[in-house]
Amino acid sequence: MEDVTLHIVERPYSGYPDASSEGPEPTPGEARATEEPSGTGSDELIKSDQVNGVLVLSLLDKIIGAVDQIQLTQAQLEERQAEMEGAVQSIQGELSKLGKAHATTSNTVSKLLEKVRKVSVNVKTVRGSLERQAGQIKKLEVNEAELLRRRNFKVMIYQDEVKLPAKLSVSKSLKESEALPEKEGDELGEGERPEEDAAAIELSSDEAVEVEEVIEESRAERIKRSGLRRVDDFKKAFSKEKMEKTKVRTRENLEKTRLKTKENLEKTRHTLEKRMNKLGTRLVPVERREKLKTSRDKLRKSFTPDHVVYARSKTAVYKVPPFTFHVKKIREGEVEVLKATEMVEVGPDDDEVGAERGAETDLLRGSSPDVHTLLEITEESDAVLVDKSDSD
């Protein structure tokens, strides 16, 4: 709006003397002289009044236009303020949703931590039981070594089948043959019985002595044979081959149990790693992890003032509705050299060694394998120990 200078000339009223004029009052002669040119002065005053009115009208028009513009800008500002209020309300709603999601995630994380604690407690108990079993196995090995060194076994041998000599069987056959004619004699008449009875008594008395002698001889031979058999059985039981076989069996059983426990621990470790990776990806996505990594690197650099500064050019976008600003940031520094990664072949032996070391480190660090698998391991080890004791 342009600055306009407004000059207003006031018209003096007739009959009042001009206050600004100084000096004595005019004489009647001078008054007459001044009254003559009054017509020309009045015309000039009328023209100046018209000019002043036109200027006032133009100024009023400009003021009205400026007021209209101010009203329009005020209406636009009100619309923008309403839009900003809507955006703020939407942001508040999103923030409330984010707070609810954060609360739910915190609850899930707390539950997961409780489960992990329970699993760690169960793992500690199972580990204690496994250590006890290992101690018992060591004690058994020590006892076995001492027994092998002393050779103080007490072996009970039971013989079910007892072979009788041939003479005793002959005497039994003779007794049976004697019993048969006695039964036939009962069927015969009374007159014939006394003679046959006498003959039978004579035969039985002669053969009884022979049977007693045969029985005594057979008992002595049987005792000798049983003693010889027992000695042979003891020799076989305490032979070096038998002891070596028992040692080999015990070692094989122990190796089998160790291999089974290692395999089960590796399986549980793999399953737990998969579950933890799945939970980690659910809780923290990959993009979030990368952002956290970059923020950690930035914090580390900020705490180390002597770090190397690399040159970079970055474009950032800032959105302030209804405008979008593209800002390009250029930083001077050294050229960053990317390190090339080398691929190394890994053999099967290296994989096995790495798996064994990983399992050992997981056990030392207190990794939490599955409880059911560990209980199955303990049951299998108990079954192997029972089989070993039965075989011994």
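The backbone N, Cα and C atoms fix where each Cβ goes, and this holds for glycine too.
Note that this is a predicted model, so its numbers are computed, not measured.
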Could you let me know which of Ser106, Ser129, Ser226, Ser367 shows up in Swiss-Prot as phosphoserine? Ser367
Checking Ser110, Ser177, Ser218 against Swiss-Prot, the one recorded as phosphoserine is Ser177
Test of record reading: of Ser20, Ser90, Ser173, which one does Swiss-Prot tag as phosphoserine? Ser173
By the record in Swiss-Prot, which of Ser38, Ser295 is the one labelled phosphoserine? Ser38
Check the candidates Ser14, Ser205, Ser239 against Swiss-Prot and report the one noted as phosphoserine. Ser205
Name the secondary structure element type, per DSSP in three states, that contains Tyr310 (phosphotyrosine). strand
Which numbers of helix, strand and coil residues does DSSP report for the region 'Nuclear localization signal' (235-251)? 15 helix, 0 strand, 2 coil
Restricting to the coiled coil (201-284), report the mean pLDDT as a whole number. 78
